[in-house]
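According to TrEMBL:
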type: DOMAIN; residues: 695-753; note: domain 'CBS'
type: TRANSMEM; residues: 81-102; note: transmembrane segment
type: TRANSMEM; residues: 130-151; note: transmembrane segment
type: TRANSMEM; residues: 181-198; note: transmembrane segment
type: TRANSMEM; residues: 242-264; note: transmembrane segment
type: TRANSMEM; residues: 276-299; note: transmembrane segment
type: TRANSMEM; residues: 331-353; note: transmembrane segment
type: TRANSMEM; residues: 368-388; note: transmembrane segment
type: TRANSMEM; residues: 442-461; note: transmembrane segment
type: TRANSMEM; residues: 467-489; note: transmembrane segment
type: TRANSMEM; residues: 501-525; note: transmembrane segment
type: TRANSMEM; residues: 531-552; note: transmembrane segment
Amino acid sequence: QLTPSSLLRIGQLSNVDLNEDIPELETELPRQHPNEIPHNEKLLSLKYESLDYDNSENQLFLEEERRINHTAFRTVEIKRWVICAMIGILTGLVACFIDIVVENLAGLKYRVVKDNIDKFTEKGGLSFSLLLWATLNASVVMVGSLIVAFIEPVAAGSGIPQIKCYLNGVKIPHVVRLKTLVIKVCGVILSVVGGLAVGKEGPMIHSGAVIAAGISQGRSTSLKRDFKIFEYFRRDTEKRDFVSAGAAAGVSAAFGAPVGGVLFSLEEGASFWNQFLTWRIFFASMISTFTLNSVLSVYHGNAWDLSSPGLINFGRFDNEKMGYTIQEIPIFIFMGVVGGILGALFNALNYWLTMFRIRYIHRPCLQVVEAMLVAAVTATVGFVMIYCSRDCQPIQGSTVAYPLQLFCADGEYNSMATAFFNTPEKSVVSLFHDPPGSYNPMTLGMFTLMYFFLACWTYGLTVSAGVFIPSLLIGAAWGRLFGISLSYLTNASIWADPGKYALMGAAAQLGGIVRMTLSLTVIMMEATGNVTYGFPIMLVLMTAKIVGDYFVEGLYDMHIQLQSVPFLHWEAPVTSHSLTAREVMSTPVTCLRRIERVGTVVDILSDTSSNHNGFPVVESNPDATQVGWRQLGVCRVPRGLSPLQVFVERANLSLVQRRLKLKDFRDAYPRFPPIQSIHVSQDERECMIDLSEFMNPSPYTVPQEASLPRVFKLFRALGLRHLVVVDNRNEVVGMVTRKDLARYRLGKEGLEELSLAQT
């Protein structure tokens, strides 16, 4: 257990490594300066609880399951499909809302700024236009950042790391609340309209997950309303399955890629999977794309033409002019290497930046100021780049939404403005599809450089925003530049179209940053509507992942690690066979007897030093030759609701003898009352309570000689919260929880053990 002083010492150590101004820091630290929070990535936080993905088969559970007949099970199955359809429809509608509002607000902003620039270009005094643009951006982002920082900090960022943790079995507070959804949707609209280097696709995944969690529970804790429907699904296992469907529906609405959504949920999210689930999730994804498609088609005025399946549509790539030849494959692989290196650089820069933010910018007001600063700088950089660019293109035949003339001749527009003076989604599409010659190589080079640093600085701000679109935009820009340079070098017509290189560059850059392989290949194929590129995209993504992983982890995994979350990967660390359950487990274990004094139970539950809420129930060995306690089962306390409350309720109901039902636990899920809220009188403390109906009589146990990979496999595959370790006489010797397993991970020097901290 770490004391605050040793925590501070760890922070000091890592500070000395990271900062040059050592003497100054050392004088500051002993006074425990509140301006700085010591943070070290080699810590594992104790504040995260584990979710219980394994049903506790106690008497109450078994009685209820035996009462349910075959037709009732059929009804439950039908309800599952209904919930999935509702998840799809609502996620699609939320996506439409975001899209329509962003389009109108951003359109309004760009029109105002464009008219202003056109006016001042003739009269002189363009600095006013710059001021207007920067002020508009900063004020919009200020509102977006205020609501996130002060109302719901969990809504910051894309939300993908949080949903990954939730599906992995970690309880992240407030992650699937209705309040989080409202703040997320408003925040993402404001940050995209505010012109930050962000996309609205990542947050759709989080929004889908929140919608799923809300619908499947048939109640809202934020609104304090219980609709008394879907009560059967009020437990962690069921909720998890629906949340993975919601995440898939979110991907599907964002990219118009239902299969990609299912694979995303499988690859990035769900730690536990079955065949029925796949089909239901695919159904939710399809419904979500279809809803978005129909609503947007009606909105755009062509009701019968379903042509906008996702929030971002890369447009159609024609096969005739866009085929690829066998000799281009090495070039694509080389692009993958470049993407991997650039992605690793992006992640490394973002890592140091996030460490700095955790330490120094932890006050909400500072976070808002930083977001405003980034918004103003983004506008200024865009303006200066457009102002200095002399890259003029003829307006005729071009599809630019807001052509800025500036110092170009009449009938021409500034091509740097198509990249900066637009929402990032539109810029990506124009980089993919504008005819050869639309961009000057110098323009693309400068744009890539500036946007790379802007996107890196923006990710991790206290605003709701995704990293998908900025990554695609950076990659499309350098990919197009690469294509143009190739056609200069070879003068051949097969390299003629820079659009396909822009596509490969976009895939390489995004793969290098987030390290997704399977789902990203399919998402890119579905979003471009072209299967021809399946093979090159796969090669590019594989190369980018292999190269990037050599240097640094993927962006999402890195942020999970920086938050000190006890995340369990697919496999135990490869070199951990030498460790056994005896070395890993927590000891000593607090045990209860089958018939226990109420006072003892109260004291044990009120004790904050016991980190895990599972207590083995034991009885003394009847065999007189052996001294010891034989395990009967595990009594799990669902984060506060305890046999005690039950006992107190019974004491009050002593006239009407009512047996407890599982429904009582479900009505309290997911926020169980804390033990402090239950008052037990002195006489009641002396009463005895029988724990046999609450304990799980058949818990999973492992012998203390079992190796760490074996324990890990059992724990992770079954989604356990506690795993009891027994000796050869079946006596409890220890308990393995998530933190005991997540502590060990592979570092640069081999297997390393993380310290546990209360922060």
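The backbone N, Cα and C atoms fix where each Cβ goes, and this holds for glycine too.
Packing against the transmembrane segment (242-264) from elsewhere in the chain are residues 83-84, 87-88, 91-92, 94-95, 163, 166-167, 176, 200-202, 204-213, 215-216, 233, 270, 277-278, 280-282, 284-289, 291-293, 308-313, 468, 516, 518-520, 522-523, 525-527: each is 6 or more residues past its ends and has a CB under 8 Å from a CB in it. The average per-residue pLDDT of the prediction over the domain 'CBS' (695-753) is 86, rounded to a whole number. Broken down with DSSP, the domain 'CBS' (695-753) shows 16 helix, 23 strand, 20 coil. A contact between the transmembrane segment (368-388) and the transmembrane segment (442-461) is present, since 3 or more of their C-beta pairs, 6 or more residues apart, lie under 8 Å. At the 8 Å Cβ threshold, with sequence separation of at least 6, the transmembrane segment (181-198) lacks contact with the transmembrane segment (276-299), having fewer than 3 such pairs.
For the transmembrane segment (467-489), the partner stretch with the highest count of Cβ pairs under 8 angstroms, out of 130-151, 442-461, 501-525, 531-552, is 501-525.
Where the transmembrane segment (81-102) meets the stretches 130-151, 276-299, 331-353, 501-525, 531-552, the count of C-beta pairs under 8 angstroms peaks at 276-299. Contact between the transmembrane segment (331-353) and the transmembrane segment (130-151) does not hold: fewer than three of their C-beta pairs are under 8 Å, each pair 6 or more apart in sequence.
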